[in-house]
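Below is one structure, written out as structure tokens, with a few remarks after it.
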Amino acid sequence: MELWNSTLGSDFILVGILNDSRSPELLCVTLSALYILALTSNGLLLPVTAMDAWLQVPVYLLLSQLSFMDLAFASVVTPKTLVDHLLGENAISFGDCAFQMLVDLTLGGAEDLLLAFMAYDRYVAIYHPLNCMVLMRPKICWLIMATSWILAVLNAVIHTSYTMHFPFCMSQETKHLLCENSPLLKLACVDTSRCELMVYMTGVTFLIPTFTAILASYTFVPVATLHMSSGEGRQKALIMVSSHLTVVGMYYGTAMFMYIQPSLYHGPQQDNILSLFYTIITPVLNPLIYSLRNKEVMEAFRRVLGRLTSVQRL
């Protein structure tokens, strides 16, 4: 069988979810609406957290990083998917495919670690409120964010270079939304078992400990609410935990299916739906759950909007 991937001029064909859908126009409109919502909500949070002095505290530094990651996550896949559908083109060059995989793995790994650090921040705020500004001071927050990015970039570079070095068959069509390890490894004409094992081991190393840490952190919150004298405060805390765990469960659940479940059990339709969850659905839900329901964030929105309105009047 003829092999190819020696030149960057070779293309992959991404036959994504829009091509297999029975109502591609409706799905296209839905994806467009979700992308605009993700773009707007995350895009507004970034300047507000940067411009408002009251939000210059650790928890909002972490939330601004989450908004940036979600904004990039949604933008690396969705616009190309929509444009390709409208133009009737599904090709992606070898170099662009490698870049898309690199960015996707970097953002996924960084967000995975950041969510765990955010859960730790909530634990500190509830159980050690007097020491919160010491345990989660700005220097530590910046160290946390830098650690997330560095580990994620290293992981992404290793996996991308290893996956893309394989010789691929002439049948370069993959029924997937974007360039990811598992779908591309199925196109390889050589044994990829070592690479698949590495993907599995990395998935276990990245996802299981962080997800366990998040569950442990949020488990302490209901325990702490038992000592609250205010019924309203107890209810708010429980609602916060349930909403956070819902979004976190969606994100980690889909990631575990993609990167821990053996490739033998991966199906194109299943993988496309799972990819939609962490590339567009969670970027829409995260700002709604973590930030836009927060009174301090909404008050900061009004303060920034008021200052901008005052400047325009002048």
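Glycine is no exception: its Cβ is also placed from the backbone N, Cα and C atoms.
No curator has checked TrEMBL annotations; they are predicted automatically.
Per TrEMBL, the features are:
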type     : residues : note
DOMAIN   : 41-290   : domain 'G-protein coupled receptors family 1 profile'
TRANSMEM : 24-45    : transmembrane segment
TRANSMEM : 57-78    : transmembrane segment
TRANSMEM : 98-120   : transmembrane segment
TRANSMEM : 140-158  : transmembrane segment
TRANSMEM : 206-226  : transmembrane segment
TRANSMEM : 238-260  : transmembrane segment
TRANSMEM : 272-292  : transmembrane segment
Recorded stretch, among 24-45, 206-226, 272-292, maximising Cβ pairs under 8 Å relative to the transmembrane segment (57-78): 272-292
The transmembrane segment (98-120) touching the transmembrane segment (238-260) per 3+ Cβ pairs under 8 Å rule: yes
